[in-house]
Amino acid sequence: MTSQLAGFKGTRGTLLVGIGGCSSSGKSTIAKLAVQVLEDAVLVHQDDFYRHDDEVPFDEEYQIGNWDVPEALDMAQFERELDHIRATGRPAAKLVHNGNIDDVGKFGISEEYLEELRRRYRGRISQPVVLVDGFMLYHDDKVAARFDCRLLVRAPYATMKARRASRGGYKTLDSFWQDPPFYFDKFVYKSYAATHARLFRNCDVEDRLVAPDVQEIYNGDEAQITCVLEQVLDAIAAAQC
């Protein structure tokens, strides 16, 4: 984070953009690509607010920690960070990312294309931007309200489950976590459905998004990553003051 902040010119006019979604929806990858295009932007990962391993809620039935509930995060610290950004236009330099993000190089996006996007959006996005990606951005109104622009990245259940299964594991503050075979269904998706149901028609997270202040970004396997990226950039441009 410190290196990202070196050239960031954030001011009190900084646009605070949330890029939320279920684990393996692709939100972190999209956020990482977007920050490469934006002229004056920095990226904050909610994953960096996870608690220590022994503080994560313990599930008695499955005898493992539950990393996918709000209580697994230090939400008070996260909210203070959002308030700090809103007050100063800049994230706290002390934040250090844990590196649990797929390499965006696998998409084969050329530097020429990224430069074309930079030229295209330079005149459309003039405010400094802080992007925040996370899996618990819109479960609580008081957290969601802190964002100037709220984007929700979606993908079908089966797609997200397959993506999650392909990951080797995750670095935590104290160790390395690998999903048990049942983890996506019983923890990841179950928690996402429970905490985000109110945003959808019939409280079904596979149904239509109906929350008026949250914009859907579809990122299924059939979606072209370049189109998804441009949709995010268009949404940020439209959210400017």
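Positions of Cβ are set from backbone N, Cα and C atoms, glycine also.
Per Swiss-Prot, active site, proton acceptor is recorded for Asp47. Within 10 Å of the C-beta atom of Asp47 (active site, proton acceptor) sit 21 other C-beta atoms, taking all shown protein chains into account.
According to DSSP, Val214 (ATP binding site) is assigned to coil rather than to any helix or strand. What Swiss-Prot lists as ATP binding site is 21-29, Arg163, 167-169, 213-215, and the listing cites similarity to another entry.
Swiss-Prot lists Ser28, Asp47 with the feature Mg(2+) binding site. In three-state terms derived from DSSP, Ser28 (Mg(2+) binding site) belongs to a helical segment.
For Asp47, Asp48, Phe49, Tyr50, Trp67, Asp68, Arg164, Gly169, Tyr170, the entry in Swiss-Prot reads substrate binding site, with the evidence type similarity to another entry.
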Item to check | Candidate binding-site residues Ser25, Ser28, Thr29, pick with smallest Cα gap to Arg164 (substrate binding site) | outcome: Ser25
Checklist entry - Using the residues the record lists for substrate (Asp47, Asp48, Phe49, Tyr50, Trp67, Asp68, Arg164, Gly169, Tyr170), what whole-number Å value is the largest Cα to Cα distance? => result 20
Checklist entry - So for Ser23 (ATP binding site), how many other CB atoms are inside 10 Å of its CB? => result 22
Checklist outcome for this item: If you tally other C-beta atoms within 10 angstroms for each of the binding-site residues Lys27, Arg164, Arg167, the top scorer is Lys27
Checklist entry - Rounded to the nearest angstrom, how far is the Cα of Gly21 (ATP binding site) from the Cα of Ser28 (Mg(2+) binding site)? => result 9
